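Notes for the one structure printed next.
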Amino acid sequence: MNVLKDKKAWLIFILPALIFYLGTVFVPIIQSLKYSFQQWNGIQEPAYIGFDNYIAMFKDSYFWNSVQNNLVYVVIVVFMQVFIGLFFALMLSYVTKGAGIFRTLYYLPAVVVTVAIAQMFRNFYSLQPLGLLNMFLDWVGLSHLQSAWLSNPHTALIAVSIPEGWRFIGMYMVIFYAALIAIPKEIEEAATIDGVSGWQLIRYIKLPSIMHVLSLSLIMCTTGALRGFDIPYIIGVPGSATELVTTYMYKQAFSTIQYGYGSSIAVFIVIESLLAVLLIRAIFNSRKGDA
Amino acid sequence: MLATKKLSSSLLYILVIAILLIQIYPVVWLMLSSFKSSIELTTQPFAMPSSWSFENYASVFRESSLLLYIKNTAIVTFACLALIIFLSATAGFALVKMINRLNSKLLLFFTIGIMIPIQVTLIPLFIMYKDYGLLNSYPALILPQVGFALPLSILIFTSFYRYVPGELLEAAVIDGCNIYQVFFRIVSPLTINTTITVASINFIFIWNDFVFSNTFTNDKAYKTIAVGLQEFIGAFGATDWGQTFAAISISIIPIIVTYLFLNKYVMAGVSDGAVKG
């Protein structure tokens, strides 16, 4: 089929997408790398300073604090999205009537504008005026636990992590649900005949069958949380309590206008995400070896 | 036996409905609250609105530029969708249905994009836009969103094209179609469902984008909803919540309606991306 081998036509089909992709995704990455070796405030000429930005970054306690916060954020978000999402999907896989409607509605928070979610939770956590959570505590007689959840430095980080975790539970649920109902019925039936039931069926048949989807979701979710930005940026408190690596990078770049330093943090985020992907894949591959 | 089965099945439904409440109650509560006055919001937060007052909505339209922001968001979103569909449909076709030794490597190269954090491009794009006077413009928002949407969109298109039988293309070629006719007349009409899937998934991402819009626009004339909504939040927390909730409701209704109509395609896209990919 010479028509399908036509190199010129192939280029015409590929090039527009490739140019867009290179220009808006890859060229900026290379430029970030270049800027990360420069000192530049956008006004004076950029000056090459070697690894100085990276050295400054590793000595910057505020930066390390944001890395630490980011890890807490990742743990909360991954727990909510992957584990609770998996739990919801397992529940739903036993539902016979109306599963489609439940699935559609569970996904709803994922389509709502982030700013709306953030403001909704700001109201929810608020103490003055009394927000939903504090009203609820009052209602169940736990008014002594009332707090301004977002401005209390002990709870602020958890408070900004929960909305992000919550909004995408439905998305991961949809993914797991699709994988669960794709498990061939014969496998389940054979196991049931062999006397496997309930929890064992989930533990030894269902979860191993969707391992591939689980590992992919864990990668998606972890890298997503490592670059988490919107909600902590919008409702996070001034100071360090809710600072994540991305929000710190953003402020360094666009508030204090240190393009070089900001770029070195951006490069750190890319490397950190790649390491997370490799780590998760290594864990899943070694477990495959055990079985 | 039957009794326990019935009991566990009702327990299951109770649990499933409880989860449903956690997932949608906040959104429902927000919409109900948008009809309440400030006083009612603090005194009767959980009750149904005592009267369905549109005062909050009226003042949003009177005092803010929300309609302008909706217009901007719509322009950016639809321009992005048109580009994304055209670019990923054509590239996906060449990668799967045409014969070239670079195909598998190129597909991998596109797929890597899913992992790349968008923040890494913010500083370079900002500097480039500043140099070319593109800050505060529609292209400033459209270009990166298209670029970052391509990996997933191309992946969804390629997973569909794999099911299109090669014989169909060969028959068309024998009948005298050239490659462009094969694509536009034979293959494209088959991809309507896939196109809607790609469009509906990206519609949600782009309509809701915050980072690009917040970084590349500060002029009212080009702000999108995601950033414009911020205006309702008073500088010192003196927020008029009734108005804020009305503004939020206005801005999420288009997307919720779209989602409820197209949810079948959104679900297909979300599960295809991970389960097959």
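Quick reminder: no glycine exception, Cβ is built from N, Cα and C everywhere.
Per TrEMBL, transmembrane segment is recorded for B:12-32, B:74-95, B:107-129, B:141-161, B:182-207, B:241-262. Residues or ranges marked as domain 'ABC transmembrane type-1' by TrEMBL: B:70-262.
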Contact check, the transmembrane segment (B:182-207) vs the transmembrane segment (B:74-95), 3+ Cβ pairs under 8 Å, seq sep 6+: yes
Region pair the transmembrane segment (B:12-32) / the transmembrane segment (B:241-262), three or more CB pairs under 8 Å: yes
Tertiary contacts of the transmembrane segment (B:74-95), as residues 6+ beyond its ends and Cβ separation under 8 Å: 103, 106-107, 110, 138, 141-142, 145-146, 149-150, 153-154, 156-158, 160-161, 183, 187-188, 191, 195, 198-199, 202-203, 206-207, 224
